[in-house]
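Below is one structure, written out as structure tokens, with a few remarks after it.
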Amino acid sequence: MEAATALEVASGSTLKVKEMSPADAEGPPASSQQEPGSPFPQLLSPIEEHPKIWLPRTLRQTYICKVGDTVNLLIPFQGKPKPRATWKHDGCALDASRVSVRNGEQDSILFIREAQRADSGCYQLSVQLGELEATATIDILVIERPGPPQSIKLVDVWGSSATLEWTPPQDTGNAALLGYTVQKADTKSGLWFTVLERYHRTSFTVSNLIVGNSYAFRVFAENQCGLSETAPITADLAHIQKAATVCKTEGFAQRDFSEAPKFTHPLADCTTVTGYDTQLFCCVRGSPKPKIIWLKNKMDIQGNPKYRALSYLGICSLEIRKPGPFDGGIYTCKAVNPLGEASVDCRVDVKGKGRTHPLSPQGDNSGMEPQACREQGLAGSPCRCSRHCHHQDGFEEPCLLPSILFLSKITL
């Protein structure tokens, strides 16, 4: 390849060309003028490829990392012969105790073992080949959690709401704040619950608090690295007291429910058997509660131990204990209150245990001899008729009267 620069040689003089290795390109550029004390001039190495930096796409914007993270950036470049790569931090040389650099044939590596916030800034990479130079700039931001908000206080409490105020933290963690997180805790359980997240203002009203509880509040600051490690708590508790309620009743006319007694279900006629308990039922209503009086054949039977009268929720009952033949008659239930009275009647019939003889003039033949037997002069002797005769002892036997009459006719 032809040389990039040609020097004119005076007639009668000789020119010596020194062969240079690619490593010599990192040294200072050779001057076209002859160095003092050098009997022979030196020539520049030919530039086969201009210097250029290939900055990765991810590094074209701010590179963000957390405190304590490792930073390892590899920046490729080109240039032939090998160019000289140098790094600067905010226009100054790098601190060799914290940052190390390794330059290769086609790349340069910037390494920080444990990043600190002081490592944030603008890093400039310069690749130089002779008088040609290429530069690239990388912005590095090292962040950490913000500090807690300052001077939080409880401003006001009313109803079931409480108002809080606080001031921003002094240290934002080398990053913009994303907001504040508000939490509450009641004194009974002591558990913290998040009320609001990423709130940008420095005052907030917490609502829907439970009546009768006391609450404490705390506020966290948040940035891209996370929430602050601690949070201030309000010195005063918010006591949610129950408001006194006053009931105002509207005036209205009181309805009069008074009424005279009225039977809604009357007494029913019944027939009973001697010796079996019988009950009579009826229903009555009235206000005030009416007094119930039971009558038999218009005679008061309230004090008679043979009868048991009950009244419950308007249902009236009368129990006749083991009724006899003389307990039949007209029974009356009478209801009386200051507004009036009402009554209902029923008939009760009491029958004997056995059937009556058809020839008997009365319904009950107990205690009497059979009439047919007396007519035939057979009083005291067994009756031989086909019917049943009721004797004084209470038992029944077949009557033989028809057979006797038949035999009498044949004899005559």
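The backbone N, Cα and C atoms fix where each Cβ goes, and this holds for glycine too.
Listed ranges 1-43, 130-172; the one TrEMBL annotates as region 'Disordered' is 1-43. Note on the domain 'Ig-like' (261-345): DSSP counts are 3 helix, 54 strand, 28 coil. Here the domain 'Ig-like' (41-139) is broken down by DSSP into helix, strand and coil counts: 6 helix, 55 strand, 38 coil.
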